[in-house]
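Taken verbatim from Swiss-Prot:
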type	residues	note
TOPO_DOM	1-82	topological domain 'Cytoplasmic'
MOD_RES	M1	N-acetylmethionine
MOD_RES	S6	phosphoserine
TRANSMEM	83-103	transmembrane segment
TOPO_DOM	104-115	topological domain 'Lumenal'
TRANSMEM	116-136	transmembrane segment
TOPO_DOM	137-163	topological domain 'Cytoplasmic'
TRANSMEM	164-184	transmembrane segment
TRANSMEM	188-208	transmembrane segment
TOPO_DOM	209-222	topological domain 'Cytoplasmic'
TRANSMEM	223-243	transmembrane segment
TOPO_DOM	244-259	topological domain 'Lumenal'
Amino acid sequence: MLPSTSLNSSMYGNGALNSRDAARHTAGAKRYKYLRRLFRFRQMDFEFAAWQMLYLFTSPQRVYRNFHYRKQTKDQWARDDPAFLVLLSIWLCVSTIGFGFVLDMGFFETIKLLLWVVFIDCVGVGLLISTLMWFISNKYLVKRQSRDYDVEWGYAFDVHLNAFYPLLVILHFIQLFFINHVILTDTFIGYLVGNTLWLIAVGYYIYVTFLGYSALPFLKNTVVLLYPFAPLIVLYGLSLALGWNFTHTLCSFYKYRVK
């Protein structure tokens with residue numbers, strides 16, 4: 001079972017809900033409603049989800065302003081429409097098949113890679129990161145320890161999805177066009193291009209994650225979420241100095257998985 005969170009009150013944590021509202025808006029009820037809509041495609045707003053994906057690249061702050069609007073109108077920070085998750089899953093499947101093609105994998109090897117990437121890299125790691133950030137934000141970043149000031153687990157998961165999408169596009173789509181003819185050529189230009197794409201992708205993940213938690217008015221010191229930029233830049237510099245090609249390591253790992 002996913003960790004549950006206490007109910008946030010009205011906008012910015014002020015006020016209190018009556019018992020009937022609280023029962024209707026428990027974490028379990030929200031989760032059930034979300035999962036139920038996961039199989040009702042006609043009820044999903046794919047146009048709005050696609051709009052969010054676009055703005056995650058051009059203006060991610062606008063995406064989180066919509067989360068504020070949802071809190072005002074539906075009394076929850078997390079998405080109640082799984083359309084974004086569905087589109088992200090489609091992107092992940094298509095790009096992973098592309099990876100299998102670029103790495104010259106057979107049909108069954110590509111299917112095996114797809115299962116690994118979807119259920120372990122995306123779902124498994126995503127649940128782990130979301131739970132970790134949910135715990136850290138509630139334990140250390142909340143301004144006032146109260147049941148009225150609580151980061152929803154669903155919101156932590158949404159922040160991860162928001163940050164994961166640009167990383168996915170950069171590393172699993174854009175990078176595909178450079179792997180065989182540039183990145184894996186065992187030259188300085190090769191690992192410069194590849195590692196720079198990794199720097200941009202992971203850096204964007206950190207930045208979008210920071211924006212997600214800094215958008216919550218009851219959190220403090222969210223700037224600490226930008227601190228991973230320092231070791232990231234150091235690692236990038238060391239990789240260029242040592243000739244360590246991140247993409248080559250990823251491709252070798254993918255091939256090892258499907259043996």
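Going from the start of the chain as shown, residues are counted 1 onward.
The backbone N, Cα and C atoms fix where each Cβ goes, glycine too.
Mean predicted confidence for the topological domain 'Cytoplasmic' (209-222): the pLDDT average there is 95.
Within the chain carrying the topological domain 'Cytoplasmic' (209-222), a Cβ under 8 angstroms from the stretch's Cβ atoms is held by residues 12-13, 60-61, 64-65, 67-68, 77, 133, 137, 140-144, 149, 151, 155, 158-160, 162-163, all 6 or more beyond its ends.
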